[in-house]
Amino acid sequence: MTIVTNLGFPRIGARRELKRALESHWRGETDATQLQHTARELRARHWRLQRDAGVDLPPSNDFSLYDHVLDTAFLFDAIPQRYHGLVDADPLAGYFAMARGRQADNIDLHALEMTKWFDTNYHYLVPELHRDQHFALRGNKPIAEFEEALALGITTRPVLLGPVSFLLLSKTVDGSNRLDLLERLLPVYTQLLRQLQESGAEWVQIDEPTLVLDLDAQTQQAFRKAYATLNQGPRPKLLLTSYFGPLGDNLELALQLPADGLHIDLVRGTEQLDAVLNTLPAGRVLSAGLVNGRNIWRTALDNALTLARYAQGRVDKDHLWLAPSCSLLHVPVDLEQEKNLDADVRNWLAFAKQKLSELRVLADALDNKPEAETALTQTRQALEARRQSPKVHRPDVAQRLAALTPDTTRRNTAYPQRSQAQQHTLNLPAYPTTTIGSFPQTLEVREARAQFKSGKLSESDYEAFLKAETERCVRTQEEIGLDVLVHGEFERNDMVEYFGEQLDGFIFTKLGWVQSYGSRCVKPPIIYGDVVRPAPMTVTWSAYAQSLTDKPMKGMLTGPVTMLQWSFVRDDQERAQTCRQIALALRDEVQDLEKAGIKVIQIDEPAIREGLPLRRGEWADYLNWAVESFRIASSNVHDTTQIHTHMCYSEFNDIIEAVAALDADVISIETSRSRMELLDAFVKFRYPNAIGPGVYDIHSPRVPQEEEMVLLLKKARAVLPPEQLWVNPDCGLKTRGWKETRAALQTMVHAAQRLRAE
């Protein structure tokens, strides 16, 4: 019988039960016991769901209260000194302080840095290490969760982040080489593997996703050393797991490592199958990632079955396992909950539960079970209906794309001339202050939106409520003394969803939530067809907000690359083509904002770096169309209109030329967690336009001291001309409360005023 396995399951629950439990605990409404009870219930539910879907070997230790990389650091006692006292007194509180920061009871701790998990929309906490780092087992989470499943009658495969990837995903605070710590880390892994074996685990999934990256000789040697060491002690069988791309030139290395099985991504790396089969050692299990763990489209089962049958004929009997390409963490839980979705589009989709069923169908087909044919036929019919659907293809969009020229992507004049025209129009002080866009989405705002959507609040009453919130936001900013204002975005549920709801070619689920980080969940739009803007999307609210103040009001848009990256994107055409379609829709919106008197327009591109292919050799093509798309959206304005953009979590050294090529008049970037380290790229490159380095971390409720912000601004001023500098938070303020927001922004304005006075 063909084995069906899974690499990971969504943690949050089909109805975001984990999010609610976490936030209740953080508010002090529930204690740790109640939180852990919810966590146990979710794990049990998910294991049973996988078993019932036909998964023979589901994972354990894929669950996390916040983040699996943080879990790994915590498990191995890689806890920075500043958290030791709290962790020793209350481990769970210390764990959450590492994730979120903590400012209470005379404790003032900032959080670990957060960044994107490879090129996905999930975020992980970056472990902080140093040259004298000590590792030791703290707790027994992987063993406890394996035994928890066993008590339910379900045998699982514990998941561990592998030692080399753990180090490569970490940062050292003293400039030392992360891989030099491998010697100290391996004994702890060896100890853990021995304990898992003693607990009865037959297999352990050891994730080494960095195997799909460009690796230098030192890193390749670290892999050899690590797995030679792990192979010496007693251990369960190891499934060496790669995902997010082909192994490429690391294939030989991966097959040399002494593991008992190898998982490969055959969605993003279909071309690697032959090379793997030609060199797979006898007796080694091949886990074939045939179902896309990152997107929500039904699998072309006939194509997947062809690959599976080909592999089946080349590996030892019972040594072919079927799996998703990666963990299902990145997709919603269950399509069956979507009762009101367009029936045609719904028939083209598969969420986590459905993807597991697809794997069971493939396994049954391989085993020649007749019941598989019905499901295969249904899939063929659904895919053909999608290919032929007029909902997907629009001739007017194709005509507009064909009419694009180089002039479509150019501003009228160069930045030096534009900046003079803008300063003449805007008359801003030195170190101008602004925010990134959103203001706190309070419970009242969320409840009003929910009541409006459910029909309990009339459109006129909802509009009156939003106008009052917008005016309060504008008045608050004026009182604080900000220079360029925003309207607060109270009418928006999400920075992508809000636009997607107003664009043809997008569709939305009701419960299609995926985890972004911690309790933060997003409901990505689904781009199923050609994109068109039927009507203006933001002009009414931006113009209303501008009518309330004499200060400049920013129009706020989400950029084409970010809308693409943060959506589930159609897989029947190149991503670049879909991105250009979105850019043309935004181009029309930018033009309408300018006509309405909006003189500052921000086109957020926080996701531009995460779209980079994992292999450097593929970067140029992506950056070309990403920059082109931004410029399509932003270039049809007068010199006096100031174009801003914003980027998150980015390391800029290797893409700084592309960032400059966007030709935004002002770029704001997230720098506070990295203590302004990210500015180095702009300094070395001599970035010509204006920059707003974030001076405080909005992902934490902590209110920083004025002196901290002044110090960060002085660090920025030491390396960049003062006339280039703007002052702003790291990111939008949607998830923060009003009290801390007002206090932090007032402190930020005071910091800017101090620099102006010097």
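Indices start at 1 and increase along the chain as displayed.
Just so it is clear, glycine is given a Cβ too, placed from its N, Cα and C backbone atoms.
Binding site for L-homocysteine per Swiss-Prot: ILE436, GLY437, SER438, GLU489, plus ASP604 from the candidate set ASP334, ASP592, ASP604. Between the candidates GLU628, GLU670, GLU707, GLU708, Swiss-Prot assigns the Zn(2+) site shared with HIS646, CYS648, CYS731 to GLU670. When LYS116, LYS714, LYS715 are compared with the 5-methyltetrahydropteroyltri-L-glutamate site residues ARG16, GLU17, LEU18, LYS19, ARG520, CYS521, TRP566, GLU610 in Swiss-Prot, the one appearing in that site is LYS116. A Cβ within 8 Å of the Cβ centre of ILE436, GLY437, SER438, GLU489, ASP604, the residues given for L-methionine, is found for these other residues of the same chain: THR435, VAL486, MET495, MET556, GLN602, HIS646, CYS731, GLY732, LEU733, LYS734. The CA atom of SER438 (L-homocysteine binding site) is located 15 Å away from the CA atom of GLU670 (Zn(2+) binding site). Whole-number maximum of the Cα to Cα distances across the L-homocysteine-binding residues ILE436, GLY437, SER438, GLU489, ASP604: 14 angstrom. Whole-number maximum of the Cα to Cα distances across the 5-methyltetrahydropteroyltri-L-glutamate-binding residues ARG16, GLU17, LEU18, LYS19, LYS116, ARG520, CYS521, TRP566, GLU610: 28 angstrom. Counting in whole angstrom, HIS646 (Zn(2+) binding site) lies 29 from ARG16 (5-methyltetrahydropteroyltri-L-glutamate binding site) by their C-alpha atoms. Taking the Cβ of SER438 (L-homocysteine binding site) as centre and 10 Å as the limit, one finds 23 other Cβ atoms among all the protein chains shown. The number of other CB atoms found within 10 A of the CB of GLU489 (L-homocysteine binding site), across every protein chain shown, is 24.
Using a 10 Å Cβ-Cβ cutoff, HIS699 (active site, proton donor) registers 24 neighbours.
In terms of Cα spacing, the recorded positions ARG16, HIS699, CYS731 that come within 10 Å of GLY437 (L-homocysteine binding site) are CYS731.
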